[in-house]
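J.: Just dropping this structure here.
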């Protein structure tokens, strides 16, 4: 059994040992997969097939031969995509990005504690506490993120259906049903309507067989399958049926030519799993932010390390200072804050029908600048619907809305009654059983898409089709075939005063018209003259130009004298007229746009997002839907439109004059990357029609070359490579295939394009709110770190301890920081351009300068003011404190004098110092009130925004209550060395809090009054 030419290109190559070779090979494989499908089995005659596969075309393989091939090729199943082991996922959460910074902090703390323990007799435990707490923070937030991701992957698992699929094969001349996984190359397989195709088949005989290829090629119409070789392209030819597509009607028999990963579907799945998803924008932002923070921390640490050596501290003390400064700079609570903010948004999106698989995808959607959307089922309803009728020489519009709230037409015309009768009788579609309580449009139908559309339309307009069919019982029928291009049936006519037999026919309009000599107008038969033929032609062109699928309908009342009751009609040797019929009308169908889509596309446009339609459907249909949903907006022309308007050949039009553009897949095949870039750059509204899955991938890569952040929507297997390659892949939850759901980052549970726009809005909002959260959290770093610096430089007793810093970062600041995630959008965020990931960072210099250089400095002043007030009240005036540190911290000196000559023992001094730590801590809480309120907005006044955020108000109360609890709770003096404060000491920082609020309101006022001015350039983060 020789291997065919096509086969060799499918064989997955062996994996090479060396890293570089491996990488080069992977790239080569990807390029190979991006090429179009190549196979030659569709060109072979039956004899050649028999020789190539050694299969008897009537008896099939022998069981023994099948077992040999199964052992050689392996089971007929797709290799599951490589999954990441759970422990690796967990480690990623524990050691990725921000966590790494905290781990380094923890290690440094243990190091400092080790140095102190080795050099001092009674070391302080601060650094030990700090190290333990930091480690705990990382582990807890790591577990939290891991749990969140595991939860969404559980939902993913539940999507997979566990029913093993069966296939009917012929072996040793006997039909047997086996597991589809056991099907081998060369097997003779039978399929019937409702079956899933078990492998790639070369059809050798068929009877009215149609398959639904939409998951593979994106065509919404069922495609006929027959033994005829009709097209060079294996995806277009009729004699190949593809693995995992569905047979919708008829029967067929075929030989298996490819199984498992070597099938066309298998190649696409391999293509998807071989693609590397890039880093998400938010991950890049957090990395950039860590670089900034680490940079600042190390710079400060090293500067003060050198400074303390110059100030003649011992190098051990200097190392302790270095570590202290670096740790004080790490915002311990931020990791948890970011995780919680993303989780909250993911939950909010799930309520709006967007299931996010990994948290970071939440924000990616917000920075999207291009959406490549599939047409069928995403932009459209994925159900063929009657859109227009042409009868009585005029076009009538049908109601295509999802809830039947649209237009209606005159249903009393005698011609309409005749037309609806033909559409109901000359129709094999039937409603499935037990659905009487469902609305008509929601009922499931057995039959092809066009006939289902006619059935539903007639049922809605004229009542029960079943009763109509019972009244006019069917006698004989000629089913639709590709040579005649019509379907005909003859029925008993129960109407009194009319002949006993009614012949009804439907089919391709031009073929039907050729068989007619008269036409029904207002219920009266008229001869079909040239004028009426022109009217027909115009109507046909108009409906076809709307991208609709048009069918013609005609009938004939068969005269009783020729066809008496009981006449034997013969469909093989036709003994009844099929010419000189009476033309009744046209009905056209379309898969109509979803109701919410035009509005969603409009929102995308005002948000600066380019929506590109990519579909396997016909260019005319694609263009019509694109116009219907606003992807091509009114007044925008394609090159062809301009040529038609100016009456010149297309070649004379400058392509850059056209805003819109419809690109055919076959043209895309021959384009260089530069030509594709040209199209993507110079046309604002683009439709790609008749595209293959590989081309979808090329389009996504083209958009990414332009620097766009690309979201791709799709439901078919054919979309999975593009879903994986895109910055964010969006799969359909209802119609989506398993492969596409695995490749995507987000799943639309209601399959509605409008949900994506909701997602974009949420993504932009979370980016804004994360900025605010970070600005709020970072500000308190300055009042936390300056006490340490002044302690080193001015040699004063330490104003704020390590434990109190932790109480701020992991205690009082947490809830307020998270509450900012609930803040509403301050301006219309869907009216601005998508952010540019190169320039518009989550944390930029302006944010750092605001948090550290301005607000943070005011906060530090507030803290020091409180510190000096308490020291002075206890007898130590500021000038007396300078240079006192060494004697102050010496536990053997018990007679340190204050400004009034009073002597203090070591224990007494420490109680004053720790009271100062507590007061400094409370002052930071007081100034953080103002900081939280000003962080609510970046441009608007707080008075415009209002205080509607209930969580934020709770946050203010929570941080105050926690501060009071830590200060006044009995036993805190022992546990955390925090002491009760006089009520007046709480008020020391109030003026500074007010100053922060006023300062920032004035700054925002100037920004609003002078947009683009110096203040905005320097301080708008």
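Heads up, the Cβ atoms here are built off N, Cα and C, so glycines get one too.
From Swiss-Prot, for reference:
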type     : residues  : note
REGION   : 1-36      : region 'Disordered'
COMPBIAS : 1-11      : compositional bias 'Basic and acidic residues'
TOPO_DOM : 6-85      : topological domain 'Cytoplasmic'
MOD_RES  : 9         : N6-acetyllysine
MOD_RES  : 10        : phosphotyrosine
MOD_RES  : 16        : phosphoserine
MOD_RES  : 21        : N6-acetyllysine
COMPBIAS : 26-36     : compositional bias 'Basic and acidic residues'
MOD_RES  : 38        : phosphoserine
MOD_RES  : 45        : phosphoserine
TRANSMEM : 86-106    : transmembrane segment
TRANSMEM : 130-150   : transmembrane segment
TOPO_DOM : 151-286   : topological domain 'Cytoplasmic'
MOD_RES  : 226       : phosphoserine
MOD_RES  : 258       : phosphotyrosine
TRANSMEM : 287-306   : transmembrane segment
TRANSMEM : 319-336   : transmembrane segment
TOPO_DOM : 337-770   : topological domain 'Cytoplasmic'
MOD_RES  : 450       : phosphoserine
MOD_RES  : 482       : phosphoserine
BINDING  : 485       : ATP binding site
MOD_RES  : 540       : phosphotyrosine
REGION   : 594-715   : region 'Mediates interaction with SCN7A'
MOD_RES  : 666       : phosphoserine
TRANSMEM : 771-790   : transmembrane segment
TRANSMEM : 801-821   : transmembrane segment
TOPO_DOM : 822-841   : topological domain 'Cytoplasmic'
TRANSMEM : 842-864   : transmembrane segment
TRANSMEM : 917-936   : transmembrane segment
TOPO_DOM : 937-949   : topological domain 'Cytoplasmic'
MOD_RES  : 941       : phosphoserine
TRANSMEM : 950-968   : transmembrane segment
TRANSMEM : 984-1004  : transmembrane segment
TOPO_DOM : 1005-1021 : topological domain 'Cytoplasmic'
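Describe the structural context of these features.
T.: Here the Cβ of residue 38 (phosphoserine) has 13 other Cβ atoms within 10 Å, regardless of which shown protein chain they belong to.
Every protein chain shown contributes to the tally, and the Cβ of residue 45 (phosphoserine) ends up with 9 other Cβ atoms within 10 Å.
Same-chain neighbours of the transmembrane segment (86-106): 130-132, 134-135, 137-139, 141-143, 145-146, 149-150, 283, 286-287, 290, 293-294, 326-327, 330, 332, 334-335, 338, counting only residues six or more beyond its ends whose CB sits under 8 Å from a CB of the stretch.
Among residues of the same chain six or more beyond the transmembrane segment (130-150), those with a C-beta under 8 A of the stretch's C-beta atoms are 86, 89-90, 93-94, 99, 102-103, 105-107, 109-110, 113, 327, 330, 332-333, 335-336, 339-340, 343, 346, 357-359, 802-803, 806, 810.
The average pLDDT computed over the topological domain 'Cytoplasmic' (151-286) stands at 80.
Note on residue 226 (phosphoserine): other Cβ atoms within 10 Å of its Cβ, all shown chains, come to 19.
Within the same chain, residues 97-98, 100-101, 279, 318-319, 321-323, 325-326, 329-331, 774, 785, 789, 792, 841-843, 848, 852 sit at least 6 positions outside the transmembrane segment (287-306) and bring their C-beta atoms closer than 8 Å to a C-beta of that stretch.
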J.: Around residue 450 (phosphoserine), how many other CB atoms lie within 10 A of its CB?
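T.: Other Cβ atoms within 10 Å of residue 450 (phosphoserine): 20.
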J.: Most CB pairs under 8 Å with the transmembrane segment (984-1004): which of 801-821, 842-864, 917-936, 950-968?
T.: 917-936
J.: Could you round the CA separation between residue 38 (phosphoserine) and residue 485 (ATP binding site) to a whole angstrom and send it over?
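T.: If we compare the Cα positions of residue 38 (phosphoserine) and residue 485 (ATP binding site), the gap is 31 Å.
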J.: Below 8 Å between Cβ atoms, which of the listed ranges 771-790, 801-821, 917-936, 950-968 makes the most pairs with the transmembrane segment (842-864)?
T.: 771-790
J.: Taking the Cα atoms as reference points, how far is residue 450 (phosphoserine) from residue 485 (ATP binding site) in Å?
T.: 14
J.: Whole-number Å only: compute the distance from the Cα of residue 540 (phosphotyrosine) to the Cα of residue 258 (phosphotyrosine).
T.: 42
J.: With helix taken as DSSP H, G or I, strand as E or B and everything else coil, how many residues of the region 'Mediates interaction with SCN7A' (594-715) land in each class?
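T.: Tallying H, G and I as helix, E and B as strand, the rest coil: 63 helix, 20 strand, 39 coil.
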J.: Using a Cβ cut-off under 8 Å and a sequence separation of 6 or more, which residues in the same chain sit near residue 485 (ATP binding site)?
T.: 507, 508, 511
